[in-house]
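In what follows, a structure is listed as structure tokens, so that the remarks can point back to it.
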């Protein structure tokens, strides 16, 4: 009481006061339960001084007493019993819960978990004391420090004006009609006609659905409403779900109507199983294992390889390099990313997967857009077109190599305003983008070259994938299979021989095509394997981008540093429920993206440019507020 009166009278009281009592009351009363009533009276007298100190911006932490190790207690402290400590703790909880004091629960949990380490049965050992000190520092310092971790031990971020305006507009749209009136959305990758842009009800319901999902994102990872926990890696926790997912994928196998190498069903299947493996890798914290980490990097590179393959095949056969096609692809790649940036107050580069795909897609588009325009039709009877194509490949390879050879030149290009904001982190650091860019700098070229080689092979009948038969003769198929297994083994061997991640990363960009092409050969040599696919994996493959981005906030937590906890104390049940909600949200976002696509990117190029200018008109004030232009 004396200290509190002094602090209360002071003009400059302490910023943080850590206080607690129980042990000496028990010792002085020789363990009498009657002293608990006097303890309650004394605590009641503290409530007003605590509240007055709170008004002076002091933060009071009342420590919940940790249990003691009664086997180590000396004779004069033998009266301290854990059941008595519980009585005193309950009294403090009952009286101080309605005051401005914060009850420090975690200090009891730490002491309880490490009670055997106590040197005298009462005081904390060095290790739990360090944990408690770290928690105290986190509580006081994290609000003033720029951590990547968005919510751990810090207050809720202030809500931006853009958040409020967006939420207000979405709430207004809620008025009028129920949300359960759904309408089928056509597959934007098919030749089906796009949704009529006059159907504004579908537009409003889609925006409303997106706002509800974003509200769930915000609650999960920008507030302290739900708990978070650390990731814990073990061989069992990583490989068991991997095995389980693979068995499920094999169980849902179906015949495909398509027979071509890397047909649509097979592409979705490949993207699906890779995404599921990446999710397991993230939730189990397996990044500490170098071999696993490098193989996950192969999967990330595979997405860029497939991007190069798909876009080259599309433009080569259809010749579509229109403005509408450009903006449609950019919208699908960036709609969720930009929405998350605005709702979760994170830089564009934080969600690196979308920016990475978008950047390399733009490179592919420029590759085809710059004259001469080379397609299957223009090169049918003109071999010069292949020579021009070779020159384009050499130029693209040279530009990438020049940027790689000079990090200073690279930084001068990418830190130029106003696009600097697209490539730097919250610390105004571009090294994260530099690392990811150089790691996969040749992946799209590998994919484009592979697509070209397949096209040439089909044209000159080197292999036949127009039916359900094998690609090659028996002897050649056996040789190709052995070579493919050798290719997979080669990369794995390289990862074992690397002494650290830096060494592995240096060689990764030069050899990453080996395991990718090897897998494609193994998957397609046999006609039986080529014409069957896993519908389970293919379903996840269609929403792979949404899955990758959503995991940041509603499956993992604290910006991927932890795991979201909806049901404390039941880790398996919690994982099942969070996974279900996470997958459902990702699927709905995918549907919303496809629904909004014809509204955001109409079929008329003039309307596309109009919408783009309107988007810039909204984005520029936000960019000015964030210092994008100065």
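Using the three backbone atoms N, Cα and C, a Cβ is placed for every residue, glycine included.
Unlike curated records, TrEMBL annotations are generated automatically.
Among the ranges 232-252, 421-441, the one that TrEMBL lists as transmembrane segment is 232-252. Using the rule of three or more Cβ pairs under 8 Å, pairs at least 6 apart in sequence, the transmembrane segment (475-498) is not in contact with the transmembrane segment (444-463). Most Cβ pairs under 8 Å with the transmembrane segment (200-220) belong to 563-586, among the candidate stretches 232-252, 563-586, 607-624. Simply put, out of 272-291, 298-317, 350-374, 563-586, 607-624, 298-317 has the most Cβ pairs sitting under 8 Å from the transmembrane segment (510-529). The predicted model assigns the domain 'Cas1p 10 TM acyl transferase' (145-612) a mean pLDDT of 87.
Within the same chain, residues 230-234, 237-238, 241-242, 245-246, 249, 299-300, 302-303, 492, 495-496, 498, 500-501, 504, 534, 536-542, 544, 547-548, 551, 555-556, 560, 563, 575 sit at least 6 positions outside the transmembrane segment (272-291) and bring their C-beta atoms closer than 8 Å to a C-beta of that stretch. Using the rule of three or more Cβ pairs under 8 Å, pairs at least 6 apart in sequence, the transmembrane segment (444-463) is in contact with the transmembrane segment (298-317).
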